[in-house]
Amino acid sequence: MSNEQTFIAIKPDGVQRGLIGPIISRFEQRGFKLVAMKLVSPSRELLEKHYSELADKPFFPGLLSYMLSGPIVAMVWEGRDVVKTGRAILGATNPLASAPGTIRGDYAIDVGRNVCHGSDSVENAKKEIALWFNENEIQQYKHSQFDWIYEKP
Ligand code: GDP
Ligand code: MG
């Protein structure tokens, strides 16, 4: 399915460190299609929902203050197997365990400052996209590169 979607976010450290362009470029150059993007300062309530599975973790309060520390670039990227491939482009949760060539492996050191987020399953991607975006913020268009990227739709 070339219309699978994932939620990718550039966290406050990624924005402050001037990594918006390089992070977007990795998804663009791979051939994925950008279908939504905004610079936002999400509420604590939204972030508590976004990270609800981690609410019991000792690092949860620190994670929330990190995510509230500045604007975030929220995006939806579309393409074949984009959820799993997006995670591969990001690298491991702990940047020190991320291979060079991945975003976290190239730009981060600390797990609590790992510059980007990506959905970990198709089901969670759907939930996260619905949490961060209204339906009318998601664009539908034919990517001019489509026929050069995919052998078959
Ligand atoms: P992800 O899906 O790779 O982002 O990882 P998780 O969903 O497990 O965790 C969400 C975010 O919480 C991570 O990206 C980190 O920013 C943060 N996090 C995860 N584990 C730790 C930890 O052990 N310590 C700290 N300080 N932050 C963590
Ligand atoms: Mg996660």
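Cβ coordinates are placed from backbone N, Cα and C, and glycine is handled just like the others.
Caution: TrEMBL annotation is automatic and unverified by curators.
For reference, TrEMBL has these:
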DOMAIN    3-140  domain 'Nucleoside diphosphate kinase-like'
BINDING   Lys11, Phe59, Arg87, Thr93, Arg104, Asn114  ATP binding site
ACT_SITE  His117  active site, pros-phosphohistidine intermediate
If you average per-residue pLDDT over the domain 'Nucleoside diphosphate kinase-like' (3-140), what number do you get?
98
Within 10 Å of each Cβ, count the other Cβ atoms, then let me know which of the binding-site residues Thr93, Asn114 comes out lowest.
Thr93
Rounded to a whole angstrom, what is the C-alpha distance between His117 (active site, pros-phosphohistidine intermediate) and Lys11 (ATP binding site)?
7
By a simple count, how many Cβ atoms lie within 10 Å of the Cβ of Lys11 (ATP binding site), its own Cβ left out?
23
If you count Cβ atoms within 10 Å of the Cβ of His117 (active site, pros-phosphohistidine intermediate), leaving out that atom itself, what do you get?
21
Any idea which of the binding-site residues Arg87, Arg104 has the thinnest Cβ neighbourhood at 10 Å?
Arg87
Where does Lys11 (ATP binding site) sit in the DSSP three-state scheme?
coil
For Phe59 (ATP binding site), the nonlocal same-chain Cβ neighbours (under 8 Å, six or more residues apart) come out as Gly112
Where Asn114 (ATP binding site) falls in three-state DSSP terms:
coil
Looking at the binding-site residues Phe59, Thr93, Arg104, which have a C-beta within less than 6 Å of some atom in ligand 1?
Phe59, Thr93
Site extent for ATP, whole Å (max Cα pair distance, Lys11, Phe59, Arg87, Thr93, Arg104, Asn114):
21
Does DSSP put Arg104 (ATP binding site) in a helix, in a strand, or in coil?
helix
When the Cβ positions of the recorded positions Lys11, Phe59, Arg87, Thr93, Arg104, His117 are compared with the atoms of ligand 2, which fall under 6 Å?
none
Under a three-state DSSP reduction, the secondary structure at Thr93 (ATP binding site) is coil
